[in-house]
Amino acid sequence: MLITIDNLLTLDELAATRDLLARSRWGSGLATAGTQAALAKNNQQLTEDAEHLPTLRHLVLNALNRNPLFFAATLPLKILPPFFNRYADQTNTYDWHIDNAMRLAPHPPGTYVRADISATLFLSDPENYDGGELTIEDTFGSHPIKLAAGSLVIYPSSSLHAVTPVTRGERLACFMFIQSMVRDPGQRRLLYDMDMALLALRNDIGETDPVIRLTGTYHNLLRRWAEN
Ligand SMILES: O=C(O)CCC(=O)C(=O)O
Ligand SMILES: [Fe+2]
């Protein structure tokens with residue numbers, strides 16, 4: 001399931017994010033790449049000791065946590081602290097890869113986040129760079145994604161994806177990995193569809209007895225499938 005969320009960041013948050021990134025130094029994207037990803041990855045990334053990284057992470061996590069669509073689509077259990085990347089120099093790119101399944105969490109020490117869902121938050125205006133499409137493959141084909149600054153795409157971490165070379169300008173983004181309460185993408189999809197249909201029904205006809213019963217069924221399915 002590939003879902004976009006427009007305007008995850010407010011204009012003020014987007015401006016603050018860009019300002020902090022403009023005052024940051026970029027390191028090699030290879031810092032968080034495994035051996036296979038290292039062959040595909042040619043971009044830049046904020047290093048873990050970057051001065052503004054805690055503020056940037058706080059800003060993005062705050063925007064995710066207040067967004068009901070993000071919650072409904074991901075059912076987040078754990079979110080790895082977001083990373084920030086940059087593609088520029090007319091060459092940066094990220095070739096086809098699948099994200100690692102398990103990522104070491106900063107705390108508690110020795111624990112892992114299972115990447116069920118990957119997400120990219122676009123931070124540059126699309127007209128200011130060429131290329132840089134995040135291309136995601138699923139059973140329905142290949143989907144090139146290039147969103148307005150401040151908008152987010154989420155997709156299953158199990159999908160093959162790539163970022164095409166940025167041949168003009170710079171592409172700034174924040175990328176993240178989420179462990180869902182519901183591990184299975186098919187079950188997650190059913191819950192999301194049901195949640196959205198219930199939302200529409202509630203708006204159309206209000207909290208009628210069948211709507212209350214169906215909402216109960218949503219929660220009972222979640223109770224059956226959720227893990228923590
Ligand atoms: O830059 C992006 O949009 C995606 C980055 C990515 O796929 C990764 O870091 O694993
Ligand atoms: Fe990736």
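Keep in mind that glycine also has a Cβ here, set from the backbone N, Cα and C atoms.
Site annotation (TrEMBL): Fe cation is bound by H97, D99, and the candidate from H161, H219 recorded at this site is H161. Here the CA atom of R171 (2-oxoglutarate binding site) lies 17 Å from the CA atom of H161 (Fe cation binding site).
Between the CA atoms of H97 (Fe cation binding site) and R171 (2-oxoglutarate binding site) there is a gap of 19 Å, rounded to the nearest whole number. Note: the Cα of R171 (2-oxoglutarate binding site) and the Cα of D99 (Fe cation binding site) are spaced 20 Å from each other.
Non-local contacts of D99 (Fe cation binding site) by the CB criterion (under 8 A, 6+ apart in sequence, same chain) comprise A115, S118, S157, F177.
Look at R171 (2-oxoglutarate binding site): DSSP puts it in a strand. Within 10 Å of the C-beta of R171 (2-oxoglutarate binding site) there are 26 other C-beta atoms, taking all protein chains into account.
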